[in-house]
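Below is one structure; the comments refer to it alone.
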Amino acid sequence: MEEETTFQADTSIIPVPHGPTNYHTPDQQLGVGDVFGNGPDIVATEIRRRTHSAHFDVSGDHSQYKRSVSGDHSHYGGSQEQRMEDNYVIITPENAIEAQRMINNHKFGFKKWKSHVTFRPLSQRSDVVKDLYADIASTKPVRVSTCGPSNCLYVLLVGWWLSLLYLLMAAIMTATVIGLPYASYCLKMSKYFLWPFGKFVYLSHSCTLAKLQESPLQEHTRSTAESTETSSLLGSPTIQKKYKVCSKTFWGRLCSYPWLLFGGPVLLIAHIAVAAVSWFFVVTIPISKVNQRMITHVLWLPPEEVSIGDSGSSYMEPERIHSEIIMFTHQSVNVYYFKYTVDGMNIILVNLLVFVILALVIGYTKPPNVSGVVICILAVLAVIPLTYYIGMAIISISAQSSFAIGVVLNATFGSVVEIILYVISMRQAQLPNGSFQPCYAELVKSALAGTLIGSILFIPGLCMVVGGIKYTSQRFNPKAASVTALLLFVAILGVFSPSFFSKIFGDLQCDRCEMNTTRDTNTTYGLQCSGCKQSLEGLDGDNSLYDKHIEPLVYAIAIVLPIAYITGVLFTLKTHTSYVYDEFYQQVSFDESSGPGAPQWSRLKGVVILIGSAVLIALCGDLIADNIQTFLRSSGISEYFIGVTMIGMVPELPEIVNGVQFALQNNVNLGIEIGTSTAIQVCLIQVPILVLINLIFPMNFLLTFNDVHVWAVVFAVIVINYIFQDGKSDYFQGAALVSIYIILLCVYFFMPVPTTAVC
């Protein structure tokens, strides 16, 4: 039986960019982006003169975006206001869904997200980007030496033992006699995998060539190309061959059976291991692709038809023209693969899903040799990609839905990760007699405080440092910042009012007191006490202060805080939108011909991923709560420090990454709003929800914080409001914020932990 196939070998030269890449490609599918994004939102740019900082605002739905620019214009004439109007970068959304996403980024109460949520055609991307997704059978000319350090490292780590394994399989196939064809095959592959760079594996055919079409440039290329290590693999830009392939049944060959018994399984396991490990490290994906092709195709081909060629030849030899190229690579490492995406998600986050599998399998099977510390760490790492998937689902659904749905979705599911972790942790504290261990509630309070100071100090500070180093100085919207600043004061007053109340009216309870006097002639005595703390309980366990005064205050505050949040939403997005974003409204327009766009995730898919990720978060949160005591005892680190850092900041990693991306695009405004909006949502949404859950399912969650938590957050709010005054930011201000955050972390690290807070 004969089958007719067509093969096309792409030999176009890959251009090497010298400078920043300009993006002019709307609706790009399978795009790559900045670290965890899908590339810049800029598809049309107009830069009238050199600028150093930008201010990006939004208007209503389906609008064109303009980023007003300012910088060092000391040598220009005219006023600064006029220069800011004359200098701008036009940012046109690729489609209606992307426009809605960009608009939502500037709305109060919505998650800020850098990544695209629609498909972006690969055909319009740069050659460097196309090469990431190209099949390894597409041969391309090599303009660099294959003797790079990364290729040499491949030989030391993988090449030598994989080559040796093929030599061993060749000896075994020779011993079977009937497997001699595979012995020759193993010898060829042994030489190939020792140094696969610049070589190509091709399938030779004995059938008659039916059709050959080649470029007119091929003859000229053959005569001029040089046979060097860095010369082209093929001599023409495009060669299209149409030939007949003689197919032979694999099971009908006698030599296939010893291969299936001895050689194939061993090599299959080896290639799977190499492919998986190299895929996980991302930059080594070229090696992973070669091993994947071996797993799915090359290991099962007729051995006598598999040949190895060298790209050093400047033209295709006659027997190679009748052949099908299977795979080719000239590198073991490609740093651009950190931009690779799978189903709209960055490859790094997709790879981190392996921690979800490991955490669930190990955590719930509980192997005897695995400690609780390992399970706890795996569960914490599993939270990272799940948090990002939840964020992407929220953004995708919001961009395809109405304003009201977006507000509700962001207000509820925007805090789902933290709420699940906190509730599961506090429920874990319940003892068989119905009482609760106070240490879990203290961990949750530490996590809340850690999220607040991290969102107020670390995220804006890091964005200012990154943006300031790249652009010297950046501007942000002072009107939007003033609304945020006022809400921050409302938030901390509401959350910490019960703490202030308890400090004023509570009793001082000490572990030990002694009579003490400073003079022998003094007839009065004082008390020298240790281990003192403010207590809500009076003498003989009297709880009247909390029951009659503090608890009603907590419930009243839990009602007022969401109302303040809703008021902020209405003020910024409905009644005074033009006031907050008036500068941008003078510039906006939208091209209705751009079309709706095709979303990466439909609404249904987004809902399924959102619910599935929330369930997995709950399972991982249960593992964290079960093993956190073992982790704390083994590490010897303060419970307060673990709560402020690991539990408080790990769910905020997507916000940190998106904030840095915005700052790198000269949009520090969104980077700052990411942090402050998170802090507002913690106080105005998460805390009232925890109070409500504690009312329905008692968890011993008392809204009274340690003094260090209170003053750390209050100081952070004062500092960030001072930064908001001039509407400008630079790396010095950012470094100051980050320094304050690090100092506070040091305070938590060396802070003595009360006995009641020790798990």
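Yeah, the Cβs are placed from backbone N, Cα and C, and that goes for glycine too.
TrEMBL annotations: computationally assigned, not manually curated.
According to TrEMBL, the compositional bias 'Basic and acidic residues' annotation covers 57-75. Marked as domain 'Inner membrane component' by TrEMBL: 150-199. Here TrEMBL flags 372-501, 606-748 as domain 'Sodium/calcium exchanger membrane region'. Annotation source TrEMBL lists region 'Disordered' at 57-80. As annotated by TrEMBL, transmembrane segment applies to 153-180, 259-285, 347-364, 370-391, 403-424, 444-469, 481-501, 553-573, 607-625, 674-696, 708-725, 731-751.
Residues 108, 452, 456, 549-550, 553-554, 557, 560-561, 564-565, 568, 571-572, 580, 672-673, 676-677, 679-680, 682-684, 687, 702-705, 710, 713-714, 717, 720-721, 724, 727 of the same chain lie 6+ residues outside the transmembrane segment (481-501) yet bring a C-beta within less than 8 angstroms of a C-beta in it. Counting Cβ pairs under 8 Å to the transmembrane segment (674-696), the stretch among 153-180, 403-424, 444-469, 553-573 with the most such contacts is 444-469.
Of the candidate ranges 403-424, 553-573, 607-625, 708-725, 708-725 contributes the most Cβ pairs within a distance under 8 Å of the transmembrane segment (444-469).
Highest Cβ pair count under 8 Å relative to the transmembrane segment (259-285), across stretches 153-180, 347-364, 370-391, 403-424, 731-751: 153-180.
Each residue in the domain 'Inner membrane component' (150-199) gets a DSSP state, and the totals come to 41 helix, 2 strand, 7 coil. Sequence-remote contacts of a segment are chain residues at least 6 beyond its ends whose Cβ falls under 8 Å from one of its Cβ atoms, and for the transmembrane segment (731-751) they are 446, 453-454, 457-458, 460-469, 637-638, 640-641, 644-645, 708, 712, 715-716, 719-720, 723.
Highlighted: of the candidate stretches 153-180, 403-424, 607-625, 708-725, 403-424 has the greatest count of Cβ pairs under 8 Å to the transmembrane segment (553-573). Touching of the transmembrane segment (370-391) and the transmembrane segment (607-625) is concluded from the presence of at least three CB pairs under 8 A, sequence neighbours closer than 6 excluded.
Of the candidate ranges 153-180, 403-424, 607-625, 708-725, 607-625 contributes the most Cβ pairs within a distance under 8 Å of the transmembrane segment (347-364).
Sorting the domain 'Sodium/calcium exchanger membrane region' (372-501) by DSSP state (H, G, I as helix; E, B as strand; all else coil) yields 112 helix, 5 strand, 13 coil.
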